[in-house]
């Protein structure tokens with residue numbers, strides 16, 4: 001692909017080449033001219049930058065941005081004990097932070113999905129990452145009298161991060177195809193557990209180094225602005241459907257209402273979205289509450305003392321963060337390898353691998369609450385195995401979507417799936433778990449034992465939701481082949497004429 005740079009002819013472009021402008025719009029190839037328009041220095045510099053772009057580099061930059069998205073999201077969880085002490089809030093009040101974040105995230109997702117299917121995607125990504133970075137930095141200066149403002153700031157951060165999560169997978173989907181796309185999406189979605197784990201580590205380490213938990217919110221914004229700059233300079237805006245070798249031949253774009261109707265009829269998409277909601281429910285609840293649950297377990301076992309004033313112990317956040325990073329890496333690698341191997345045996349490999357991993361994960365997550373009463377090491381072992389199995393399905397679920405949804409509505413599909421998974425998943429799970437915990441211990445407020453047991457009983461809801469998610473993946477497997485074939489037929493119709501498009 002050649003890149004047009006404000007009238008500058010780029011070496012290697014021919015009249016038949018497809019050209020991309022700096023704004024991301026596509027134009028015909030540059031015609032050769034015996035007297036080409038001379039390029040100014042600034043034009044040559046930008047053209048040189050654009051020539052350095054490669055799909056692999058773009059995927060790497062987008063994955064780096066995704067790491068920062070999730071790192072910022074879980075930095076708050078890494079210092080949750082200190083936030084509770086600083087603002088004087090209960091379990092349900094602390095859970096509200098994540099709930100408000102996810103609610104704003106999911107409400108904004110369909111809007112960014114609509115924009116991502118129709119306008120320049122990398123501009124939306126860059127603006128979104130700069131926005132949440134600025135809001136996160138500002139929130140670190142909020143005083144203890146304004147907890148409501150701190151909660152509101154997390155909602156604004158959710159809007160900024162929603163733009164990134166809704167659109168960036170579709171760019172990768174248009175840069176790669178088949179097994180290469182699966183591998184690149186695996187790298188991209190590895191950022192979820194990696195970023196989450198680094199969030200705990202960053203939050204705890206920054207608090208420990210500075211002696212103040214507010215500094216935990218002042219590191220990721222700097223990295224976020226760096227990622228935004230890299231996106232503007234080095235990430236291309238590929239033609240939608242270009243990886244499917246249809247980028248230059250797509251003749252029609254279906255209306256938004258038509259897209260929504262088609263997605264609602266896509267059974268594989270609907271069931272995989274519901275399964276994603278089950279995963280989000282569990283990861284949202286665990287990400288917020290497991291470090292605190294394990295800390296309370298150690299208080300009950302008298303191996304540590306209760307935290308009465310900040311700064312509180314950072315050990316459990318650091319360990320849980322490290323486990324999340326490692327299990328995320330293993331989950332993505334094992335998931336990609338298992339899917340590739342199972343594809344040799346069955347074309348339904350993607351949803352079946354997800355279903356088996358979900359059902360296996362539920363068993364080990366149940367064992368966490370048994371082990372935590374006697375052995376913290378045993379609980380960590382169960383967390384390690386349970387999370388590894390749970391993280392197997394992140395990239396595979398995205399690949400299922402790429403197979404059963406045509407390129408011109410993928411951003412909308414990703415955004416709607418994000419909305420559904422968060423609305424039914426982690427939008428309410430942290431607050432719900434905190435609410436159940438508060439209700440159980442209401443008569444035993446001063447009892448350390450009941451603070452531990454009540455949170456454990458509330459978290460026991462998660463494995464049942466995970467089993468339900470496994471059932472949804474099995475349902476996806478039933479319809480996967482039919483929906484994939486239907487998407488291929490629709491894609492062929494789009495290359496012919498607008499009048500032939502059916503949904």
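Each residue, glycine too, has its Cβ placed from N, Cα and C.
Predicted automatically and left uncurated, TrEMBL annotations should be read as such.
As the structure is a computational prediction, the values presented were derived from the model and not from experiment.
As recorded in TrEMBL:
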DOMAIN    58-486  domain 'Major facilitator superfamily (MFS) profile'
TRANSMEM  96-116  transmembrane segment
TRANSMEM  123-142  transmembrane segment
TRANSMEM  184-203  transmembrane segment
TRANSMEM  215-235  transmembrane segment
TRANSMEM  269-290  transmembrane segment
TRANSMEM  318-339  transmembrane segment
TRANSMEM  351-372  transmembrane segment
TRANSMEM  378-406  transmembrane segment
TRANSMEM  448-481  transmembrane segment
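Between the transmembrane segment (448-481) and the stretches 96-116, 184-203, 269-290, 378-406, it is 269-290 that has the most C-beta pairs under 8 angstroms. Contacts between the transmembrane segment (351-372) and the transmembrane segment (215-235): absent, as fewer than 3 C-beta pairs lie under 8 angstroms at sequence separation of six or more. Ranked by the number of CB pairs under 8 Å to the transmembrane segment (215-235), the listed stretches 96-116, 123-142, 184-203 are led by 123-142. Among the stretches 96-116, 123-142, 378-406, the one making the largest number of Cβ pairs under 8 Å with the transmembrane segment (184-203) is 378-406. Long-range Cβ contacts of the transmembrane segment (378-406) within its own chain (Cβ-Cβ under 8 Å, at least 6 residues beyond either end) map to 169, 173, 181-182, 185-186, 188-190, 192-193, 241, 263, 266, 268-269, 272, 275-276, 279, 282-283, 286, 290, 294, 297, 319-320, 323-324, 326-328, 330-332, 334-336, 338-339, 350-351, 353-354, 357-358, 360-365, 367-368, 371-372, 413-414, 417, 466, 473, 476, 480, 483-484, 486-487, 490-491, 494. Within the model, the domain 'Major facilitator superfamily (MFS) profile' (58-486) shows a mean pLDDT value of 82, rounded to a whole number.
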